[in-house]
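Enquirer: Pasting in a structure now, in structure tokens, and then I'll have a few things to ask.
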Amino acid sequence: MGGGGGSGAAGIYDAALQRREAVMGKSGPAALVKNFRVFSIACFACIGGVLYGYNQGMFSGVLAMPSFQKHMGEYDPIDPNASQTKKGWLTAILELGAWLGTLLSGFMAEVLSRKYGVLVACLVFMLGVVIQATSISGGHETILAGRFITGMGVGSLAMIIPIYNSEVAPPEVRGALVALQQLAICFGIMVSFWIDYGTNYIGGTKLETQSDAAWLVPVCLQLAPALILFFGMMFMPFSPRWLIHHGREAEARKILSTLRGLSQDHELVELEFLEIKAQSLFEKRSIAELFPELREQTAWNTFKLQFVAIEKLFRTKAMFRRVVVATVTMFFQQWSGINAILYYAPQIFKQLGLSGNTTSLLATGVVGIVMFIATVPAVLWIDRVGRKPVLTIGALGMATCHIIIAVIVAKNVDQWETHKAAGWAAVAMVWLFVIHFGYSWGPCAWIIVAEIWPLSTRPYGVSLGASSNWMNNFIVGQVTPDMLKAIPYGTYIIFGLLTYMGAAFIWFFVPETKRLTLEEMDIIFGSEGTAQADNERMEEINAEIGLTRFLQGGSGAIQGAANGSDTGYDAEKGKSEHYSQHV
């Protein structure tokens, strides 16, 4: 194959795209029904998201319980005169653990597989929960240690499960299945808020009478879904992409066929299999050329390749652009203030004029419901509407809510008792903020981070993006109590302005990625033109494994795209027309 016109790797990918779109059908709810097997597998894997969400929401209620307070000593989460920084540590230590767990998960997901990586993460999570339960006698040191270890498990699950779901999903529902993770997180948050509301009454709501079971029950309940995920994941399939990358091609083809509900010789199965294989071979040969001593796939070489792969993320402009998209998107997700609200909702609602712990917990429970309901449209329609408009509109909505809350707080901060309506208006703005987050930045940020990377760098790229999420999550969790005390309405102004900046970043810098295969991300990020040698290597691989011949065997239009010949379809024109909406 020559290098000009519509030939080469770009022409092959464009031909593959044209054929796939002709047979795979539209995105949307009907596509989820059509791919029910994959949908059900992704739903089960997202129990990991339930654990993440439950842990987030549960602890905000526990912090407000008097029976928990009496075990925390100088880390007292309720006393307004106690150190707000230490209160922040009770919450933020989990994010620090999650940050470390995320960084270690890239290696684990690559060596052990995505499937076994989830099993290890479950074990770490459960160990942390058991340690937290012993804090009834161990005090704040035990709760800090337990939350750190639980965080390592949560961080691993939050990174590996989006990778797993994105790799078992066909492109027309990939966004929806990755968005399921956020829906599961919201479900966990919703359930945790109402469990807290119920257990808050065990023994009464006063310090003198409330039982330790009020906070021990919600903490220990985390073990149930973790055990279900651990044992159930043993029966889930491996990621076909991981299998191909590790030389288990027959198993990968069989699983791919089962996942798609098609025969192994169906053209969609064959096309997807060949594309994944081509990308895998390309990455292996590229690394073998640069680092021949690491070509053998041993655990030790894989560990060393972590650093090679991470360095590769910064080597070219196209890859560095992906790094910026992933890390900055997660920065803006956290600095939207969502986790400040989730972690400190009872305190925030009290600050907005709601009196009594029970009332603030009730208002917190509504946060969980509205976020869960708002996330459902994202799962159903994100692959049709696209990531970019949803993220932009959501950011504008969230930022506007923050500014309105800031104005209400500034005017009424010392007179909530006589301005009840203003307090409830601010609470309503918090609920509206959560709705905007639920359909936009909650699911879409994780979708983008999970889907933009090449095969060999995906675990490390997702790890980098997720580590940005957790580190910023840690910072927000740590500083929010001090911010709310020092600058009550200024806190909302800061979050609002940063979220407006997030909208601008998405609109002007982030490409659209809907309905593209993971392999086609190279085109919209410009990676296909980084070096002529890469193009030649990919052309050679495409011809070697039969992808070129497979595409040339289709219709005249498809054949023209593959060949670059003049058969009524201009490959370069088709490429530019299709990808113009993504760049």
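Each residue, glycine too, has its Cβ placed from N, Cα and C.
Any TrEMBL annotation is an automated prediction that lacks curation.
Values in this document were obtained by computation on a predicted structure and should not be read as measured data.
Reproduced below are the annotations present in TrEMBL:
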- 570-583: compositional bias 'Basic and acidic residues' (COMPBIAS)
- 41-514: domain 'Major facilitator superfamily (MFS) profile' (DOMAIN)
- 562-583: region 'Disordered' (REGION)
- 36-54: transmembrane segment (TRANSMEM)
- 89-109: transmembrane segment (TRANSMEM)
- 116-138: transmembrane segment (TRANSMEM)
- 144-164: transmembrane segment (TRANSMEM)
- 176-195: transmembrane segment (TRANSMEM)
- 215-238: transmembrane segment (TRANSMEM)
- 323-345: transmembrane segment (TRANSMEM)
- 360-382: transmembrane segment (TRANSMEM)
- 389-410: transmembrane segment (TRANSMEM)
- 422-449: transmembrane segment (TRANSMEM)
- 489-510: transmembrane segment (TRANSMEM)
Enquirer: What same-chain residues lie close to the transmembrane segment (422-449): Cβ under 8 Å, and 6 or more beyond its ends?
Expert: 162, 174-175, 178-179, 181-183, 185-186, 325-326, 329-330, 332-333, 336-338, 341, 345, 348-349, 352-354, 363, 366-367, 370-375, 377-379, 382, 387, 390-391, 393-395, 397-398, 401-402, 404-405, 408-409, 411-412, 416, 461-462, 465-466, 469, 502, 510, 513
Enquirer: Applying the under-8 angstroms CB criterion, which one of 89-109, 176-195, 323-345, 389-410, 489-510 scores highest with the transmembrane segment (360-382)?
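Expert: Comparing 89-109, 176-195, 323-345, 389-410, 489-510 against the transmembrane segment (360-382), the winner is 176-195.
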Enquirer: Any chance you could find the range in 36-54, 144-164, 323-345, 389-410, 489-510 with the most Cβ pairs under 8 Å to the transmembrane segment (176-195)?
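Expert: Stretch with maximum Cβ contacts: 36-54.
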Enquirer: Let me spell it out: take the transmembrane segment (323-345), skip the flanking residues so only those 6+ beyond its ends count, and list any with a Cβ under 8 Å from a Cβ in it.
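Expert: Contacts with the transmembrane segment (323-345): 56-57, 59-60, 63, 91, 189, 313-314, 360, 363-364, 367, 395, 398-399, 402, 430, 433-434, 437, 441-442, 445, 448-449, 452, 461-462, 464-466, 468-469, 472-473, 475-477, 480-481, 484, 491-492, 495, 498-499, 501-502, 505-506, 509-510.
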Enquirer: Taking residues 6+ outside the transmembrane segment (215-238), which of them lie with a CB under 8 Å of any CB in it?
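Expert: Distant contacts of the transmembrane segment (215-238): 41, 44-45, 47-48, 50-51, 54-55, 58, 61-62, 65, 67-68, 113-115, 118-119, 122-123, 125-126, 129-130, 132-133, 136, 150, 168, 192, 195-196, 199, 202, 248, 251-252, 255, 258-259.
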Enquirer: Sort out the residues at least 6 away from either end of the transmembrane segment (389-410), same chain, that have Cβ-Cβ distances under 8 Å to it, and list them.
Expert: 332, 336-337, 351-352, 378, 382, 422, 425-426, 429-430, 432-433, 435-437, 439-441, 444-445, 488-493, 495-497, 499-500, 502-503, 506-507, 510
Enquirer: Under an 8 Å Cβ to Cβ limit, what residues of the same chain, 6 or more beyond the ends of the transmembrane segment (36-54), are close to it?
Expert: 118, 121-122, 125, 153-154, 157-158, 160-161, 164-165, 168-170, 173, 177, 180-192, 221-222, 225-226, 228-229, 232-233, 236-237, 258-261
